[in-house]
Every structure is written in structure tokens, then in C-alpha cells.
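These notes concern the structure reproduced below.
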């Protein structure tokens, strides 16, 4: 195995307000954000890359076959650990989102036409990579009559047809809580249905203006009522207080959320929301303790945890929590693996 330290980029100097990737003029909020320099990151925002044999094999295969994963294209710091365990994430629906969130690096604009062949290609990529667990996420497609519900559902169905032993987690937008669109998505029966709340009520409208706090909770409730394992994520460091985080966790649990991930906000560019503060590892440990006390079936919290991090393990924990058996073909997901970005592990490496 080869190990190297991979620090995330440091900032600290003002940058000129850039145009967006698709050339559109900056929004007023983006221009205001850009007046704040990119923040210097603390010592614990660092990951240790361990390039084991599974990772090296996948890396070579992805390059040879021209496959595309969010893991590589977004430069995720957890790629070494996830790929070593044969887990990966794919983005569907194109490169343009019809909504804008102030933390998200995906550009807002008019999306390309629906690519109805995309589910097949994603399923074949999952097969080629020999994945044990796959996460599918995507952009909001309010331009489509069904909001993209068919695309999300068909991608799950295509993966399952070609890869019956691979777990599938589906991270969805809210589809405006439309019952028919949600029913289409739920009918594909992913192992986990995720919808990320991301932040607390007080700052929700500012951070996610096209979403609604209560509507997001209702999506999770509907998924739980459909018999699915549910999951959500909270991003810290955007202006919330610890007390508000606890209340949001309670709201999520009451809405029927089984699995919770909690992470630190990392600013993608100067035009995105400035980092309000760097949440220390010990605070993540405390949030994790409170979440478990509230009753979540699976919790993963840490500065560099992402919503798809160790997703297979969290699914297995949720199934065990509810006394449900994991399908025999997916029994491998219950095996213990590393979780180097979990808060207690980060605290052990870097201290407070």
C-alpha cells in the first residue's frame, strides 16, 4: 500500500468574482459572497490517502473504460477508502441544475435534454467496477414534466437488473413532494432512499431558496411510509448553532429518518456561501452521541464525512436496528470496515 497526505487547498487572499462555468452573470448573492476571501482550513481538514489494491484496480479500470463517477470528478477526499471497499457514487440528469443552493458546486442553468440511455450506462459502469454498493444522486429537473422521476427510478431498476448483489442508495431532490413523482421513485425500491435536509430552519430559505424545510421532511416521511430505509444529511458551518442542529435532528427523526450523516461545509468557490466557522472534531463526536440518543438507526459524523460515506455499512446498521434481514446477496455489507473520517477517529489523529 502507498500512503500520502492529501491536504485540501488553503486560501486566505481575496479572489476576483468569477463568472460561472456556463458563462452566466453572477447573481447578486454570488457577488456578495465573493467579497469574502476563501477561508484557511484547519489542520483536521486533511485526509490520509491509503492506496490499497482494490482502489488501484478500480482506478485503472475507470481510466481504461472511460467511466465517470462523482468520486473522481468532484475530487472527493474519501475516494481511496470508499473505492477500496468497492463503493462509488454517480451523478445523473446532466451537469445543470434547475435550482441553486448556496453551498453546492453544481451550476444552475437550463439542463440538456433528458438522456434516456443514461440508466443503462450507469448500470454497466456499476457492473464493470464490480461495486458492492452504489449511490446515485442527481440534479433537480424542474424542466421535465415528471421532475426527472422516471430517470431516478429507471437508473435504480437498471442497476438492479444487471447487478442483483449490489446495494443501491438513491439520493433525490424533493420533486416538490408530488405524490405521483415520489411514488414512481419509491417503486424502484432502492436499499436506501435519501433526501438531504442540509441545514436548520432559521437559515434554510437563505441557503436553499428553492426548497422548503417542512417539504423536505415530508419527503422522508413519505419514503418511510412506503417501507423504505430513509437517510438525510446536515451540513455544519453555515451559520447554525449547536442547539439548532439538535432540533433539526429531532425533526428528522420524528419525520421518519433512519440514517443521519453530519459534515462540515467546505466552500466550493468564492461565489458560494462563506464558511461561518470550522466545527471541531469533538463537536462532531457530541452531535453523533446526541443523534444516537435521539434514536437514529445509523449515524456518521465528521468534518469530511459526506452523505455517501460508508453508505453500505450504515444501511446494514439500519437494517439490524429494525430487526430486518439483509438480502443474502448483500450480506457482505454487514462486514466491518474502516471509517477514518468518523469524528472520533479524526479526534484521535489531530486532537482538539
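Glycine is no exception: its Cβ is also placed from the backbone N, Cα and C atoms.
Record features, source Swiss-Prot:
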BINDING   71, 76, 82, 308  [4Fe-4S] cluster 1 binding site
BINDING   97, 101, 104  [4Fe-4S] cluster 2 binding site
DOMAIN    83-297  domain 'Radical SAM core'
REGION    1-21  region 'Disordered'
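Closest by Cα distance to residue 82 ([4Fe-4S] cluster 1 binding site), from the binding-site residues 97, 101, 104, is 104. With a 10 A radius on its CB, residue 76 ([4Fe-4S] cluster 1 binding site) counts 21 other CB atoms from all the protein chains. The separation of residue 104 ([4Fe-4S] cluster 2 binding site) from residue 308 ([4Fe-4S] cluster 1 binding site), Cα to Cα, is 16 Å. Residue density at residue 101 ([4Fe-4S] cluster 2 binding site): 21 other Cβ atoms are found within 10 A of its Cβ, drawing on all protein chains shown. If you measure from the Cα atom of residue 104 ([4Fe-4S] cluster 2 binding site) to that of residue 71 ([4Fe-4S] cluster 1 binding site), you get 15 Å. Averaged over the domain 'Radical SAM core' (83-297), the predicted model has a pLDDT of 96. Other C-beta atoms found within 10 angstroms of the C-beta of residue 82 ([4Fe-4S] cluster 1 binding site) number 26, with every protein chain shown included. Summary: among the binding-site residues (97, 104), the fewest other C-beta atoms within 10 A of the C-beta are counted at 104. According to DSSP, residue 97 ([4Fe-4S] cluster 2 binding site) sits within a strand segment.
Taking the Cβ of residue 71 ([4Fe-4S] cluster 1 binding site) as reference, residues of its chain lying under 8 Å away and at least six apart in sequence are, in sequence order, 78, 79, 82, 83, 88, 89.
If you draw a 10 Å sphere around the CB of residue 308 ([4Fe-4S] cluster 1 binding site), it holds 28 other CB atoms from the protein chains shown. DSSP assigns residue 308 ([4Fe-4S] cluster 1 binding site) to coil, not to a helix or a strand. In the three-state DSSP assignment, the secondary structure recorded for residue 82 ([4Fe-4S] cluster 1 binding site) is helix.
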